Structures are given as structure tokens and as C-alpha cells.
């Protein structure tokens, strides 16, 4: 796919608040000298993902193009206003090795472009579980502990991902190593007033009060992730977890009790992340 593809990925005549013609022109030249685009991997309303190459090293990269019409928050980084998604991915990558490493970013007339490392032989956890079904407790806990540690590392740095779920976690099936992606919903840990992320994984208090504490909501989402790994399914209706007790029959009593804790309807009754990590 030619360089023209990134030019035509998103086009708009709409005036963008942070559009700077000199920066856009300079970034276009810098991108053309630094990276090539090979093919489109996936396209949605929130962005286009391409495969590409770093022209200086020959290494494969992933290029994500984010339309400005989808950007609701900008943050100052290195003297420039950038989408919060880009800002938080750079900051999270500094905090945790489990975050897919961003390489560079570029501004275009109608979009921002984020270049990231390409990790070979990975799939997302959603596809992994769909292919393999419910995992053994040993495998599920090995994966879960990596995610929990990464979430703790990010939150220690003041960053909340706000959308931890199977589709936002990549896994290399051979060593079961995980990588966290998609910081489009990320925020500072202290920002809890506005619900973000995927409603299917929201804690029930978000529906009833419209807000939540970061740790109690993360505990719930992490519990949902572990439940998916152990049972192969997740169903949340009318602010209630629809637990599959038939599927739970093969799960140890210890882990079934853990689900009682992380899915407690009262947020203050759920363990914080530090307490959760000590349960294993």
C-alpha cells in the first residue's frame, strides 16, 4: 500500500481546534522519511490500523490512524497538544513493560498517527479463548497475574486504562506473555466522574450512580477477565453478573470465593489491587 493510503485514510474539511498547518506539513515529511505503510489490517469508526516498516531499521511496525472527529480530549506533551490516547500510551509504556511500546506520533490535517512496535505471533485474548476455550487454572492465573501487575504499575504512575478487557490484551500463545493495547479510554487515576470503557465490563455502581472509584471498578473488570479465562464466557445483564455455575464446577473453591469478593455489589467490599495481588 502506498504512502497515499495514510493520506486518504481519513479526510475532512472540518476545522480542527489543534490543527497547525506548519506542524502538519513538517510531520508529513517526517513520516514519509521514517515509515512506510504496507496494508490495512482493520478499520473502524475509531481508527484504521495498518502494518508498516521503520525505514531506518527495516523493522515491522503497527501504524494506527486516529480521526480527529473521534478525539474528545487533548493533553500537552513535549510542548504539543496530542490526543489523550497517545499521551497515556507513552506514559503507560514508561510505567510497564507489558504495554505495547509506542515509537512516534504524527499530526495530519484530519487525524493523528501513532506508530507502535509490532509484536510477532500474537492474538488478542478474545480470539485466544474462543479458539482454546476455558483455560486451566494454572494458565488462567499466569495470564491474569501479568495483567494485574501491569494495571498496578500503570496506576502507580497515575494512569488508569479504564477499558481492561480480553479484546484489549494481546497474547503470545507460546510463553503466554501479554501486552496491553488501546488507551483510547485512559485517564488519570483521580478522574472517576465520567464513565469510560465498555459497558459490559462496568461495575454496577457506574450504572446506578454514574461514577466509581478507579480501584473498585478495575477490580470488577479484572474479575471479569479472570472469569472469561476460566469459563470461556461472560454475561452481564441488568447490572448483575450472570455467573455460569455449571462452568464453575471445574473451578477450585478458592477461586469461586474470589469471584464472590470481586463481584461484590458494594464497591467498598471489593479488594483493592494490592489486596487482590496477595490472594494468589
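Quick reminder: no glycine exception, Cβ is built from N, Cα and C everywhere.
As written in TrEMBL, here are the features:
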type	residues	note
DOMAIN	35-280	domain 'Protein kinase'
BINDING	64, 117, 124	ATP binding site
ACT_SITE	163	active site, proton acceptor
Worksheet item: For the recorded ATP site formed by 64, 117, 124, which further same-chain residues have Cβ atoms within 8 Å of the site's Cβ center?
Response: 49, 62, 100, 116, 118, 119, 170, 179, 181, 182
Worksheet, complete the sentence: For the recorded positions 117, 163, the largest set of other C-beta atoms within 10 Å encircles the C-beta of 163
Discussion item. Give me the long-range Cβ neighbours of residue 64 (ATP binding site): same chain, 6+ apart, Cβ under 8 Å, in sequence order.
Written reply: 47, 48, 49, 50, 113, 114, 115, 116
Response to the item:
Rounded to a whole number of Å, the separation of the Cα atoms of the residue listed as 'active site, proton acceptor' and residue 124 (ATP binding site) comes to 14
Item to complete: Within the domain 'Protein kinase' (35-280) only, compute the mean pLDDT.
Response: 92
Worksheet entry | Residues 64, 117, 124 binding ATP per the record - widest CA separation, whole Å | 17
Fill in: DSSP-derived class (H/G/I helix, E/B strand, else coil) of residue 163 (active site, proton acceptor)
coil
Practice prompt. Enter the number of other CB atoms within 10 angstroms of the CB of residue 124 (ATP binding site).
Written response: 19
